[in-house]
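What TrEMBL records for this protein:
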- A:C131: active site, acyl-thioester intermediate (ACT_SITE)
- A:H251: active site, proton acceptor (ACT_SITE)
- A:S14, A:G15, A:A16, A:V17, A:R42, A:S43, A:S161, A:G162, A:N324: NADP(+) binding site (BINDING)
- A:R102: phosphate binding site (BINDING)
- A:Q158, A:R244: substrate binding site (BINDING)
- A:7-122: domain 'Semialdehyde dehydrogenase NAD-binding' (DOMAIN)
There are 2 protein chains.
Amino acid sequence: MPTREYTVAVLGASGAVGQQILRNLEERSFPVKELKPLASKRSAGKTVRFRGEDVVIQEATPEAFEGVDIALFSAGGGVSEKFAPEAVKRGAVVVDNTNAFRMDPEVPLVVPEVNAEAIRNHKGIIANPNCSTIQMVVALKPLYDRFGFDRVIVSTYQAVSGSGASAVEELRKQSEAALKGEEVPKEIMPVGKLDKHYQIAFNALPQCDVAQENGFTLEEMKMVRETKKIFNDDNIGVTATCVRVPVMRGHSETVYVELKEDFDLEEVRQVLSEGKGIILQDDIDNQVYPTPLDAEGRDEVFVGRVRRDVINPRALNMWVVSDNLLKGAATNAVQIAEHLVSLDS
Amino acid sequence: MPTREYTVAVLGASGAVGQQILRNLEERSFPVKELKPLASKRSAGKTVRFRGEDVVIQEATPEAFEGVDIALFSAGGGVSEKFAPEAVKRGAVVVDNTNAFRMDPEVPLVVPEVNAEAIRNHKGIIANPNCSTIQMVVALKPLYDRFGFDRVIVSTYQAVSGSGASAVEELRKQSEAALKGEEVPKEIMPVGKLDKHYQIAFNALPQCDVAQENGFTLEEMKMVRETKKIFNDDNIGVTATCVRVPVMRGHSETVYVELKEDFDLEEVRQVLSEGKGIILQDDIDNQVYPTPLDAEGRDEVFVGRVRRDVINPRALNMWVVSDNLLKGAATNAVQIAEHLVSLDS
């Protein structure tokens with residue numbers, strides 16, 4: 001048992017990920033001395049539920065971080081850029097769930113199953129990777145250690161909850177309207193801040209973030225860049241196509257990976273099944289494979305459809321599923337905080 | 001104008017694809033002298049609408065093919081195996097939309113935009129490829145002609161209508177129940193004839209057909225084998241992962257393709273935009289790309305998200321969408337029949 005307890009701030013406490021962080025802190029018995037739920041002025045004064053009590057949300061201000069030991073940020077990149085330095089100045093360690101600092105060379109980008117040791121090098125901020133990256137690197141880690149790999153080609157099937165609770169509500173409303181043959185409201189998907197909005201209900205949208213100069217989207221380039229940084233290996237090549245599908249919660253990915261060595265498929269399954277944070281569900285003959293609906297509410301990464309490629313005998317194909325709000329966000333952030341705490345003891 | 005008119009049988013006339021075939025024959029002004037809608041005993045006596053008239057469905061029997069010139073089959077592989085030889089014996093040319101004869105070396109497998117010339121070699125049966133294969137090869141054809149390619153890695157986002165009208169109804173019912181928080185009926189997806197059924201509403205299922213010995217599914221191996229046969233090129237390597245998504249109609253695919261030559265991306269776009277049967281919708285900066293909902297009811301194959309790969313500069317990534325009941329089935333079959341007719345004149 002840790003002897004020390006911590007004052008923990010959760011910035012974005014009323015959001016989809018913030019809510020899951022609170023639940024994770026509670027379920028994983030994180031040593032919280034005091035919880036400080038923080039949010040924008042608009043949400044301040046509302047309450048969140050924590051350990052059976054209602055805790056009042058305070059407005060996020062620089063001063064709100066006085067006395068905070070660990071601050072879990074999940075309120076958007078702009079908010080992180082504004083408040084992370086303020087929290088650090090006041091002695092907090094920030095675990096940031098946004099894109100603001102991920103590629104900053106001074107900031108460790110951490111998935112504990114892959115590179116927990118990077119946490120030691122933090123200078124006040126530790127970044128939580130993008131949801132799509134996290135589940136992929138967890139699945140790739142045991143393969144990297146045993147066989148090495150050069151190249152990954154990934155296509156995603158991403159849930160709307162990656163765009164927040166309002167996007168989940170939009171999918172519900174659109175689905176209801178479409179089923180009744182009524183006009184479908186389109187206000188958020190695929191990217192809230194962009195001009196054009198498409199129906200996501202009963203549709204698939206090949207855009208999960210803004211466009212980049214090379215024709216890829218930011219979501220796709222996050223997977224490329226973050227994977228190299230997490231493995232600390234610039235030789236890893238990743239090609240990604242990120243697609244939004246009408247799923248509430250849980251991202252799925254088809255992952256093609258070229259290993260560096262010849263492999264025995266049974267050994268690959270063994271290595272995956274023993275991989276940290278992985279649950280192997282792989283028996284297509286008996287229709288056993290993960291689905292986003294089954295992964296909902298679970299902290300692990302689920303891997304199935306493991307098979308040797310038909311063209312390149314050194315390549316593998318897999319289907320990787322995880323709850324984007326948990327391992328893809330809240331769980332990973334709380335796991336980072338747990339590692340931070342373990343460094344104290 | 002063709003001087004000849006034809007007696008056309010449509011086997012499976014009451015099914016999802018059969019209905020589209022009737023619509024296509026009518027809309028494309030196919031020279032039908034007499035329409036013979038055929039189906040199982042169960043549907044015989046019902047009527048279908050054709051050119052403003054109700055036409056009675058007859059029971060499919062060997063004798064029903066007497067006097068038929070062209071027979072479009074879309075009633076399942078077993079039915080095709082039983083009746084195609086009977087129809088051919090009676091002088092009909094069969095365009096078969098099932099998997100029964102696709103890999104038969106005596107049977108041409110045809111996507112008119114790619115290999116219309118193969119129709120000339122038929123011995124009574126011409127096979128229509130699998131829906132997922134058709135849209136991919138239409139998109140690949142202009143690239144093949146201009147640059148050549150070795151290798152394709154494809155992930156699919158397939159609509160439930162690929163499993164028939166009852167699967168569409170299942171998605172509707174499941175969606176309604178899920179939105180109300182009621183128990184979700186599971187009877188068909190992912191593969192009607194298999195034991196285990198998963199919820200497809202608000203979910204993604206990495207299985208579109210039965211498992212094969214190599215861990216791939218039949219749907220995936222169809223894409224591998226049919227692509228080689230259609231291009232008449234055994235050097236083409238295809239890796240496929242086929243996934244069912246909660247979309248009513250319209251298949252989408254992420255396609256990674258390694259070209260044989262260096263290329264200029266603008267030339268690739270030009271070549272694609274001039275490709276037969278292709279509509280290029282490719283401007284991510286302005287959020288222009290195809291979606292299955294927009295492709296519904298259209299005969300073409302839509303291509304977007306065209307971009308040079310970040311790792312392999314000779315590789316391209318694309319997003320390919322088409323209506324699986326039209327170009328993926330009915331339209332392609334009727335186009336084959338049109339080519340047959342043109343050989344007569």
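Just so you know, glycine gets a Cβ as well, placed from its N, Cα and C.
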For NADP(+): widest Cα to Cα gap among A:S14, A:G15, A:A16, A:V17, A:R42, A:S43, A:S161, A:G162, A:N324 in Å:
26
Can you break down the domain 'Semialdehyde dehydrogenase NAD-binding' (A:7-122) into helix, strand and coil residue counts using DSSP?
39 helix, 32 strand, 45 coil
Want to know which recorded positions, from A:S14, A:A16, A:R42, A:R102, A:H251, are within 10 Å of A:R244 (substrate binding site) at Cα; which are they?
A:H251
Filter the recorded positions A:R102, A:C131, A:Q158, A:H251 down to the ones within 10 angstroms of A:N324 (NADP(+) binding site), Cα to Cα, kept in sequence order.
A:C131, A:Q158, A:H251
So which recorded positions are near A:C131 (active site, acyl-thioester intermediate), with CA atoms within 10 Å, out of A:S14, A:A16, A:R42, A:R102, A:S161, A:H251?
A:H251
Looking only at Cβ atoms, how many others are within 10 Å of the one on the residue listed as 'active site, proton acceptor'?
31
Sort A:C131 (active site, acyl-thioester intermediate) into helix, strand or coil using the DSSP assignment.
helix
Cα separation, A:R42 (NADP(+) binding site) to the residue listed as 'phosphate binding site' (Å, whole number):
27
So, three-state DSSP: helix, strand or coil for A:S161 (NADP(+) binding site)?
helix
Compute the C-alpha separation of A:S161 (NADP(+) binding site) from A:H251 (active site, proton acceptor), stating it in Å without decimals.
9
Do you know offhand how many angstrom separate A:Q158 (substrate binding site) and the residue listed as 'active site, proton acceptor' by C-alpha?
4
Name, in the order they occur in the sequence, the residues of the same chain whose CB lies under 8 A from the CB of A:A16 (NADP(+) binding site) and which sit 6 or more residues away.
A:S161, A:G164, A:A165, A:V168, A:L325
Euclidean distance between Cα atoms of A:H251 (active site, proton acceptor) and A:R42 (NADP(+) binding site), Å:
30
